[in-house]
Amino acid sequence: MSLSNKLSVKDLDVSGKRVFIRVDFNVPLDGKTITNNQRIVAALPTIKYVLENKPKAVILASHLGRPNGEKVDKFSLAPVASELEKLLGKKVNFLDDCVGDNVEKAVNGGSDGEVFLLENLRFHIEEEGSQKKDGEKVKASGEDVKKFRQQLTNLADVYVNDAFGTAHRAHSSMVGLELPQKAAGFLMAKELEYFAKALENPVRPFLAILGGAKVSDKIQLIDNLLDKVDLLIVGGGMSFTFKKVLDNMPIGDSLFDEAGAKNVENLVAKAKKNNVKIVLPVDFITADKFDKDAKTSTATEDEGIPDNWMGLDAGPKSNELFAKTVAEAKTIVWNGPPGVFEFDNFAKGTKSLLDAAVKSAESGNTVIIGGGDTATVAKKYGVVDKLSHVSTGGGASLELLEGKELPGVVAISDKK
């Protein structure tokens, strides 16, 4: 799967055509009120670009929440239609389903770039391919899925995918439209461009920064990255498992991952073989309980963490060491914070690392933040625009970094 050779919306001739855009309008709702419209705003450049190029109609499709394959009013995309109308300054026709005769009739009657927003794709079991019933997974029949995909295909002449956050799912709207041209929207294209920069052709030294709790969740990630990077910072809860296994450091009540511990020595041996320098924290900010108001103390790697205490952040010496490592790198991918940044007393390590990452990006290096918690950190401190790229897809970016193919990306046409 090449990331750098995919058809882009800019390569399409959309004039007079029905353009189906798979967007990510999975926004947080309080009742019928959208509490954060960022995902809608993020899709505007692709929608506006298509509209400027004189299509017959633009058909927007998304999921919202987890309705589990049936119609659930609180997951309706109706509130999104009125928000989108405001943001676009153009009428948006909201349709109360995403497939079927009425939908086809409406869309085919569209002209002069009329905009249609389909109802939540996941109101149909065929979108995800299964639903949970009484705790059991029930699959949609192959026939029904095929029919649903054909009905979606009937709505369009060309297909654009701008939903990177769902790219790791082989859902019908991501992989099932059989059209001659399937292109990446601007959001998707930017994600692919930056991940290609890191994974296919990095400027070296290439550094990966990994945090998060469990080693066992990240084994495939570490294993894949050890074939690509020159430097690896392991921080967060995961670092205690490394410190205990490698240095026999006492870790008190800090996180210890029994399952992951079995792999630490293999991973370190692979790093040695591949000449990858692994950087671990050397001191810690500790707490007497997992709580924002916990008593705090410090510990060095030599003394270790006493019983009944736990490490919740990297200490000042580790922060210096991490900043120095960041300063050596020309390409950086960061997935997972080095401390419990949600609690102010344990956010210094994360803030310090973020400052170093911003400094690196400002001096012209490529700094990519994987989605999830690390993206939340970048937003919290208001530095999203100061970094090269903050991914919109936690799960999708993780799977890319693990070396997996993303079905939604594979489905996009390659440039001829």
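Every residue, even glycine, has its Cβ placed from backbone N, Cα and C.
Residues or ranges marked as (2R)-3-phosphoglycerate binding site in Swiss-Prot (evidence: similarity to another entry): V23, D24, F25, N26, Q38, R39, S62, H63, G65, R66, L121, R122, H168, R169. The Cβ neighbour count for H168 ((2R)-3-phosphoglycerate binding site), using a 10 Å radius and every protein chain shown, is 23.
Mapped onto three states, the DSSP output places G236 (CDP binding site) in coil. Taken from Swiss-Prot, the feature CDP binding site covers G212, D217, G236, G336, F341.
The number of other Cβ atoms within 10 Å of the Cβ belonging to G236 (CDP binding site), over all protein chains shown, comes to 29. Marked as ADP binding site by Swiss-Prot: G212, G236, F341.
Note on K218 (ATP binding site): other Cβ atoms within 10 Å of its Cβ, all shown chains, come to 26. For A213, K218, G237, G311, E342, D373, T374, the entry in Swiss-Prot reads ATP binding site, with the evidence type similarity to another entry.
Among the features that Swiss-Prot reports, AMP binding site is placed at A213, K214, K218, G237, G311, E342.
When secondary structure is read from DSSP and collapsed to three states, A213 (ATP binding site) falls in the coil class. Under the heading Mg(2+) binding site, Swiss-Prot lists A213, D217, D373, citing similarity to another entry as support.
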Please tell me which one of the binding-site residues listed here (V23, Q38, L121, H168, F341) sits closest to A213 (ATP binding site), measuring Cα to Cα?
F341
What whole-number Å value do you get for the CA-CA distance of G311 (ATP binding site) and G236 (CDP binding site)?
9
Please report the distance from the Cα of E342 (ATP binding site) to the Cα of G236 (CDP binding site), rounded to the nearest angstrom.
13
Env. residues of ADP site, Cβ within 8 Å of mean position of G212, G236, F341 Cβ:
G211, A213, G235, G237, G336, P337, P338, G339, V340, T350, D373, T374
Quick one: of G65, G212, G237, G311, G336, which of the binding-site residues has the smallest count of other CB atoms within 10 A?
G65
Could you tell me the C-alpha distance between F341 (CDP binding site) and D373 (ATP binding site) in angstrom, no decimals?
9
